[in-house]
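Down below is the structure, laid out as structure tokens.
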Amino acid sequence: MSRTVRWILAIFLFVLLIAVRAFQKYLFYDPFIQYFASDFLAKPIPEYNIFKLFLSLLFRYLINTIISLVIIYVIFQKKGLVRFSVKFYTAAFIFLSFVYFILLQMEMLDGYLLTFYIRRFLIHPVFVLILVPSFYYQQKLVRQTKKL
């Protein structure tokens, strides 16, 4: 695959990630979208169905993860990086969703900020913005080491 095709495909995939965000109200069950968009400090936590919320969160995370993994493969074309990323995304989901649901069950007694940001990592493709530059930097270091 030529470099131009790879970059066009990567841009298209990033647009897909933006589309997931743009259509979030129609695709996912999340009573906290409206809650955190409003004056949440003065309002009680909204009623939510924990099972429905978890399934919706999992579905959204999977969509973002699959698109992100394809982006990583298209840019770097290394299956090893994709395998590492799959393990990373899986571990991150297990840990973050566990903490998120514990905080929700405790009704965010320690404050809203931690819950807000953990939710952000779960519903937005933040990890691809961390992994792509780190993989690029790693590749650059490997190339420099080989030159020595």
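Cβ from N, Cα, C; glycine included.
Transmembrane segment is the annotation TrEMBL gives to one range among 29-52, 53-76, and that range is 53-76.
Long-range contacts of the transmembrane segment (53-76) within the same chain, counting only residues at least 6 positions beyond its ends with a Cβ under 8 Å from a Cβ of the stretch, are 1, 6, 9-10, 13-14, 16-17, 20, 24, 27-31, 82, 85-86, 89, 93, 97, 100-101, 122-125, 127-128, 131-132, 135-136, 139.
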